[in-house]
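Per TrEMBL, the features are as follows:
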type	residues	note
DOMAIN	69-455	domain 'SLC26A/SulP transporter'
TRANSMEM	73-98	transmembrane segment
TRANSMEM	110-132	transmembrane segment
TRANSMEM	144-167	transmembrane segment
TRANSMEM	221-240	transmembrane segment
TRANSMEM	261-280	transmembrane segment
TRANSMEM	317-338	transmembrane segment
TRANSMEM	394-414	transmembrane segment
TRANSMEM	420-438	transmembrane segment
TRANSMEM	450-483	transmembrane segment
Amino acid sequence: MVVNSSNKEKDFDGNEQMLREDVTRKSGDNQKKIFATFSQQRRYGKVRKLLSNRLRILTWIDRYNWSWFVNDFIAGITLGLTIIPESIACALLAGLPARYGLCSAFIGSFIYLVCGSIDTVIMGPTSLVALVSVQFTVGKPIEFAFILTFLSGIVQLIMGCLGMGYIFEFISMPVIKAFSSATAILVMESQIKVLLGIKYLVAGLVESMKTLLSRYQEANYADFVMGLCAIIFLIIFESFEKFSKRSNINGVVRLVFRYLSFSRNTLIVVITATISYIWLLHNCRIPYTLSKNASSGLPNVTLPQFTVETPEKTYTFWQILTELNVGVFVIPIIGVLTNISIGKLTPKGLVDTNQELLTVGLCNVAGSCVQSMPTSGAFTRYAISKACGLRTPLANLYSGVIVLLALSYLSPYFNFIPEATLAAILICSIFTLLDFKLPWRLWHESKRDFIVWLVCFVVCIVSGVEVGLFVSIIINVLHLLYLWARPEIAVKIQEIDDMQYICVTPGNAIYFPAINHLRDKVLKATAQAKQRIPVVIDCHKISGLDFTAAQGFVKLAGGLRHDTAEPDVALDSSSCQSDNDADGFAGDTLLILYRMQVHLQKLIDNAENLVFCESEEKIREFLTQESLRNGFINLKEHIRASIDLGYKIEIE
């Protein structure tokens, strides 16, 4: 029986051991499954984050609701009806047939819907980009415009992949405003000849004005009357928006007036085209100029031709690059700059510039395959989208579909649109970019920013917007370098317990271009002081310091010494001599670096008359010792001050 009992105990122990191993094995398997699941979720999260950073539709599509759909649909339809006449006008401004304006207004919308990071941007041709583009394509074959679109997209993609979006941070608000105002004036000037029915295409404001003045006798009064009537119509209908905001008007009436205002461009095109159609039914000739070459049908999807053949000459790809010149770089910058400016007008005011570079680059590369001119967002479309309550980039879808329908079925009817009407649309839409309130404010509040605005505005008007933008960026960079080399430094005399010291407060980081400026300020202040008093540099705003600037502090300490001793003799910088015969340094001016970050202190070598401190009590201690050493306080005052500081004074 004993043996059986022992066997049972052994069997029990064995079963228990097996059970433990089984539990341990299952526990280990469960842990492996948990870790595997966690690892998979982590990888999935990284992939989703990577995709959402590039495909921005993933950041909002799962939250899309019916209310957003209604707002986006109304905004998309309104913008689609608006972008059709604007696109035709921009094509004529760029020296292209009307059809190519519509070809530029749909493919970018579909791409921006998926990748765009700014809700209120509607992609398409703009008067700004068209005006700059014509500077590089005027007098050249039409294929140059498509190649310029392709190359602009490639440059934008390269800049986005290299993370060069920070470059746009060097473009300040005064520059953007001056650039926009100058562009508005140039666009309006370029449309004066269209209102007068005079045909010519030259680059530059000066040449355009010379040509206009020399050919003003060719003006056609029918074009002028048509354009003037269109401008009056647009101004009246624009005022309907303000009228619709009155609270004492019926809601339905307000809504009607509001959308009449939004649709004013489409309405004037329909009205004037109908007048032209009816006129041609009864007469074979019309007194004003009509837009032409608006053939129907969708464009063929193909890469642009990189070799252009004309009856006079055959252009190779390198010759095309030479002809386009700096336009290959100017157009990409201007296009993305418009989007960034729109993004900064949104409530958040934050823009992912690298994502915008990639997205606009894709829009232009794809657009070049459907005979598009360079595209970007537009301030006029932003204003309409904001007024319509647009919520997401999905409005680009509805706008693009309307443009495709217009290309498919309505293109032949665009030949009945008077060119003066399109000129009126451009003038009225671009007029909103004029802003002379800002320079007036800058004149009173910031003369330096006013000068930057003035230089940018004048150069853009005289030499072209591309030159003005480049010069303005250079001025901004030089301005930043000046602020870096000459930071704001406050110098004043302060007192602690009737003990004076020179307080120096730098406004920001001190790097090697600024250290000599700081030294000059301090040495000038000590030279003007009536007596030798310590210098306290309040370093709490100094967030950065390089090696050269750190050595400059040591040289500053050496410059504050008034004896013949070697400045390289270094003792403990946290101590201060208090007796008048301390190694012949009685004439030194003490330099105190107050509230400097510890990691910055390590860059500064020890100097005899340079100390660090973190509290006002420590400054009081140093000032008391210096006052005693220089004979500014007597022994009784010294004893009283020492007792206040907690020292035990022994008098023999």
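Glycine is treated like the rest: Cβ placed from N, Cα and C.
The shown structure was predicted, so the numbers you read here are calculated from the model rather than taken from an experiment.
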Going through 110-132, 144-167, 221-240, 420-438 one by one, which has the most CB pairs that fall under 8 Å from the transmembrane segment (394-414)? 110-132
Most Cβ pairs under 8 Å with the transmembrane segment (221-240), selected from 73-98, 317-338, 420-438, 450-483: 420-438
Let me spell it out: take the transmembrane segment (317-338), skip the flanking residues so only those 6+ beyond its ends count, and list any with a Cβ under 8 Å from a Cβ in it. 126, 128-129, 132-133, 135-137, 140, 144, 147-148, 151-153, 155-156, 159, 168, 171, 176, 179, 306-308, 353, 356-357, 360-361, 364, 374-379, 465-466, 469-470
Who are the chain neighbours of the transmembrane segment (73-98) in space, where the CB to CB distance is under 8 Å and they lie at least 6 residues beyond its ends? 104-105, 122, 124-127, 129-131, 133-134, 137-138, 142, 145, 187, 190-191, 194, 201, 259, 262-263, 265-266, 268-269, 291-294, 373, 378, 380-381, 384-385, 388-390, 394-403, 406, 414, 417, 419, 421-423, 425-426, 429
With an 8 Å cut-off on Cβ pairs and a sequence gap of 6 or more, do the transmembrane segment (450-483) and the transmembrane segment (110-132) reach 3 or more such pairs? yes
Residues of the same chain, at least six outside the transmembrane segment (261-280), with any C-beta under 8 angstroms of its C-beta? 78, 81-82, 84-86, 226, 230, 233-234, 237-241, 244, 286, 290, 384, 387-388, 413-414, 416-418, 421-422, 424-425, 429
Confidence summary for the domain 'SLC26A/SulP transporter' (69-455), mean pLDDT rounded: 86
